[in-house]
Structure formats: C-alpha cells, structure tokens
Amino acid sequence: MCGIWALFGNDECLSVQCVSAMKIAHRGPDAFRFENVNGFTNCCFGFHRLAVVDQLYGMQPIRLKKFPYLWLCYNGEIYNFKQLQKQFGFEYQTLVDGEVILHLYNRGGIEQTASMLDGVFAFILLDTANRKVFLARDTYGVRPLFKVLTDDGFLGVCSEAKGLTNLKHSSSVCSKVEPFLPGHYEVLDLKPSGKVASVELVKFHSYKDEPLHVACDTVETLPSGFDLETVKSNIRILFENAVRKRLMAHRRIGCLLSGGLDSSLVAAVLLKLMKEINISYSLQTFAIGMENSPDLLAARKVAAHIGSEHHEVIFNSEEGIQAIEDVIFSLETYDITTIRASIGMYLVSKYIRKKTDSVVIFSGEGSDELTQGYIYFHKAPSPEEAAEESERLLKELYLFDVLRADRTTAAHGLELRVPFLDHRFTTYYLSLPAELRVPKNGIEKYLLRQAFEDSNLLPKEILWRPKEAFSDGIASVKKSWFSILQDYIDQQVDDLLLEKAAEKYPFNPPKTKESYYYRQIFEKHYPGQSSWLPHYWMPRWVKATDPSARTLKHYKSATQE
C-alpha cells in the first residue's frame, strides 16, 4: 500500500503543486520521493512508500536499465509476478512485485499487461519513447485512483482525491476530479509540451470472465460440474489459494476479526497457512466494539478456537462521535452506511498502527456482495434477480465497502488484503447456478457456510452466525451504533436546515439529520464534489428508509428472541 501522484503538463510552480502530494503522505509513512521526467520538466511523479517488499530497491518511480524510457508509479501487490517471470523468462532487477508491469508492457503492450496481473493495483506508466501515458486499476478497485484532466491537456493523477482538489492550473475551466473506473485502462498521448490527450478508455476485465492469468495460476484445473460436493470442494480450494497468495510480505501480517463469518474464515485459513509455511510470529487478530458488543464476544470465541494473539479495542460513543470528521475527510464520501461502518474500522486501524507491529492486514471485505450476505437478499424476487444484484454490488464496491476498507486502513499507514475479492475465486462463485447462491432456510451465505461445515476451522455457532452489519455489531444489542449517532446528531442539526436541504444540496439531497450532518462535513472539505457519490447505499426489495440491517424485519436482536 502506497500513495502515488503524478502531474503532466503542469504550468504552475512545482514546489507549490507538491504541497498537494503531501496530503496522501499517510499512505506511505516509510519514505517519499518527487522526481521530474527527463525532457519533460513540467511532468512529475510523487511517491509515498509503505515498505512491504524489497526494502532496499522498492522506491518509485521504478526505472530499469533495460527500459530507460519507461517510468512506473504503482500502488498494489501483484501476486503472480514469480509465475509470470517463469512463464515468460523475465529477468528481474529488483524484488519488487510491480517490476513485472514493465516487463509485461515491453513484451505485449498495455492490454496484455493489465489482463495478466493477478492482484490489486493502480498504476501510472509513462513511455517516453512512444510518448504515451497509461493509467490502470484492478477489477474491483481495491486500490484507489483518481484523476483530473483539463481541456488543454493538464493531467493530475493520485491515489486519493484530496491530492488533486487544490491543484493550481492556468485554465479558467474548472475540471472535475473523478474516480478512475475499476477494471479499465486508459491510453493518453504525451505531447512535446508535456500536455496529454486521451486516446481511449478500455475495460480489460469483467469479473464474470475468467481472467487471462489463470493460465499461470498455481492451482490445478478444477473439477467441473455443479454437484454440491464438487462445488463445496472447489470453493474451499480457491479460497485457501486466495489467502495463500496474499501471504507475500516482508512485514508482519495481522487480521481484522469481527466474529462474523467472513473475517472469521479469513483469520482461520490465514492462521492455518501461516503455520504450514512456518511463519515465526503469531497471528495478531483485532476486534473493536463497545463494551459487551456482539462482535467482541463472537471474535473472542473465534480467536480462542484458532489460537491467535487477540487484541480487543473497546471504544465509547464519545470517541466514536469525535472521530466522525476525520473519518469523512479520510473517506472522501458522505454515504451514510459507509461512514457509520468506517468509524470502528478507523479506530481499530489507529490502534494497530500505534500499539502493534502488524502492517499487512487481512480482512473479509467483498464477501457480502459476492455471496449474497446482506439481509435484504432474503427478499429477492428470484435467484436470477439476486444474482444481478450481487453483480451490481460488486461493480460498485469501489464506491462503498472497498473505499471504506482502503481509506480507514491507509489513513494509518496499513496495507489491506482482501482474499474474498480474488479474481479466480469471484469468477468461479459467479459462474455457479443462481439458485445455488441464494439464502436458504432463512440463512444468508448458505453455500459458503456449507462449504466449510466439515472443516473444523470455526466453531459451529460462528460458522452459522447470522449477518450483523459492522456498524451494528460493534454496539450493544440494546442500542445500535446508528441509534447512538442519530441521537447525537439530532441535537446538532436544526429542523429548518433539514427542510431546506434539497435547496442547498440538490444532488443526492439529505433526507435525515444524520445524512445532513455528514454532508455538511463533506462539503467543508470537498466543496462541489458531491458527484463522487452517485447514490446512497440502500437495501433493495424492502421499504427501507435507513441502510442499517437492524431496521429490517428479518433482523432480530438477542433481546427480542
């Protein structure tokens, strides 16, 4: 996890512009570098480094003697770089996994490069020989990327939008900072003046298509057919493989553990594999919640079962409320459920950074979208519509859960790894018949639970624990976190302000005081950028006025049973 930043065709004083690059310094606390491009003095790269692999030669932009005309700035991890080296005979000059991007590009161009990478990434690749600039982002947008491009060809690119919003430019036209679409690459011409012109934006991978890099995967060809035992076995094989490939790190590995199915499966498989390869240190797991919250109690059971070095972070409502503004600034969104869920994740990440030496952090993001884990999936009219909704959620992950997971951890210099969003695992799961993937017997993620039922990885009560939204599970069963937030905010926002909300904020107008409160803070830091969030996250097929799972009829707290 690093912070990347670049300008092309800059007309302003570079020392002034570089102040913007420092706004993402949290993404790379170990080192930073600014570098001008030879022959294009108005083009510049900025890089903030979190050293996870090759601590000696890992600084960027990466340049190789073999390709003196190529400049690469990237954020991510390429899990198949050794397999690609073996398949194509690449001669690496560093231990940096991202070096493979330069070799792939030299061998087959940008299309093959993006398609053959098994991992998470956002990169800027400059080819001065052919005067091209390339931008690319991984399939689910696990690694963030933003850009701003003016009519006269000034381009700014950054890991987070905050590194671009205050750039100076001579053009009177105010250009919008926009998220770069996941699963796409863009080709831009580099003019002698250093300005650029966009040539094409190409979607290189759809999550339902088997990725090209499967050809050099470490897992053998899987048995075909949809009989239940075969499917369950394939799910276990691919998920274990997804965790195994993400063990690539020279820094200590830890794992977030809410006690729900997803993070518990990740932690259990992770610990099993760490033992197999004789990693010398114990796995640190981290849970956060208010006193006696459901998540803390469940996580404690899981940690005891798997034998991890478990840490509990207990926070009170005041600490959570005080973090709201910092969280919104980090997130760059005003989405209600994203902010609620981010507060706990932000606080536990802060603890990890200050109190432990774990840097590479595993988490369970992506499972709810992939395996139909949200409670409203019980209300899906048909398996086919449930499958379509699952695909829609995956497509929008970069706006919601993946955004939350990246920003809350990156704010504290941690690197997130999300095995549920492994390319091959997701492709296989989405290839299964729609009726296999729906909730059954009143239990969501039924197939995933079935797949691990006989593995003894988890206690049965955890494997079959009903879904808790993270923002609800960290609070007491008597009073949910969203209720605590709403009680506080009710005193902060006047009724009259809410009545006139649509006039003040015509795009995505706030409908509640909580929404209005978040929007005010967002607009304070990012005025005029409300289009970054195309719509609020809300459950489907139910008449919901709030995104919390606890407002849905299906949900029953322990106090109601």
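Any Cβ shown, glycine's included, is placed from N, Cα and C.
No curator has checked TrEMBL annotations; they are predicted automatically.
Feature annotation from TrEMBL assigns domain 'Glutamine amidotransferase type-2' to 2-191.
Summarising the annotation, TrEMBL assigns L-glutamine binding site to Asp97. Summarising the environment of Asp97 (L-glutamine binding site), the number of other Cβ atoms within 10 Å of its Cβ, over all protein chains shown, is 25.
Taken from TrEMBL, the feature ATP binding site applies to Leu256, Ile288, Ser363, Gly364. Within the same chain, residues at least six positions away from Gly364 (ATP binding site) with a Cβ under 8 Å of its Cβ are Leu256, Ser258, Gly260, Leu261, Asp262, Ser263, Ser264, Leu265, Val266, Val418, Phe420.
Sequence-distant contacts (6 or more apart, same chain, Cβ under 8 Å) of Glu365 (site 'Important for beta-aspartyl-AMP intermediate formation') comprise Asp262, Leu397, Asp401, Val402, Ala405, Leu416, Val418, Phe420, Leu421. If you look up TrEMBL, you'll see Glu365 marked as site 'Important for beta-aspartyl-AMP intermediate formation'.
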Distance from Asp97 (L-glutamine binding site) back to Ser363 (ATP binding site), taken between C-alpha atoms, in Å: 21
Rounded inter-Cα distance in Å - Ile288 (ATP binding site), Asp97 (L-glutamine binding site): 33
